[in-house]
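Here is what TrEMBL says about this protein:
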type: DOMAIN; residues: 69-157; note: domain 'FecR protein'
type: DOMAIN; residues: 207-291; note: domain 'FecR protein'
type: REGION; residues: 371-457; note: region 'Disordered'
type: COMPBIAS; residues: 389-410; note: compositional bias 'Basic and acidic residues'
type: COMPBIAS; residues: 411-424; note: compositional bias 'Polar residues'
type: COMPBIAS; residues: 441-457; note: compositional bias 'Gly residues'
């Protein structure tokens, strides 16, 4: 039997029996590139460079970790590794973690693989200075840190029982962020703001605000899409969608500032009078539409203040104190104020064309609403990731879909590529506090900043 196979089928418990006699005394016959060292360990934990002619090593305090090491932990066991760039990774109980590459000299790069179980990571210099070069692969998705730490856990059949025993949490979100660039935030009814990233949920009564050149593309449950233009603010006044309940389905948005580009979804197709956009100068209704509306509070590049609407496909109607006006496909309308009539312009003014070049049209953003809002369990393994601290974490599934996470945001990705997000999450599953590592001494690094060991006993 090969050394690697022996380690996989249960050599870790056997090594644990010997650990009390020879703590930290094991060293490999083959010495490769040192990637880091152990700062804390507890229980049955060992490492092996697969393919090399050496025996598995017990991991005690100060034990070296090499490129190519496969690290495994047993029941109630964990190990904290500090890498050469000062990154610290806690490998949780019943886990398999591979240090495929960890180069800190020259072309810095870290390639890590979580094969089973979970980890808690506090990133080091590689992830902070060159995020694309720090990656943790898993059977479900890859994880890249843009400065933030993270917890990650692979859940297979061992999690099914717990998931089945817990009641499903309702998802009250009405929209999700399909794309985001720059500083975009959601503002709740209480005035609290949170940063938005791709995949984040949005709720009724929330406002979406983009700053500077930032923008966001929102997808609603009925498949409608809205691009919130740079320097804009949009309120989700009301949204309800239940397939088949055409009479009660509704979408009401309010543009507070700036502009939006909108694509009609199922509500507009089934009962178009139930879709409305309120702007500072008019109420806009749709007739099966892709349109762009922008409000200028002051003159810009020769264009006077007021509301500008351009219809790409279909048509809209605009209602002011002066009356109700139709606007057809390819036409641009201008309304000076809430009691002004609509004037038809010969074409889009330059400022609208410039803003359109800065953002994607919603009709060109390809997303599957059923997949984005489906949080039902899927067969096969899943990966739960929770970000912690400043910066972001990017989870990329096997189909190329990317989800960005900020502090305390979490995602769950299944083997089919679907990802569900929440603002709080648990990637630890029972090892102790919210992130699953708070009860582990040295979780993500020894709490006293030093090193220690329970000698893998």
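Glycine too: its Cβ is placed from the backbone N, Cα and C atoms.
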The domain 'FecR protein' (69-157), counted residue by residue under DSSP: helix, strand, coil: 9 helix, 54 strand, 26 coil
Counts of helix, strand and coil residues, the domain 'FecR protein' (207-291), according to DSSP: 8 helix, 46 strand, 31 coil
Rounded mean pLDDT for the residues that make up the domain 'FecR protein' (207-291): 96
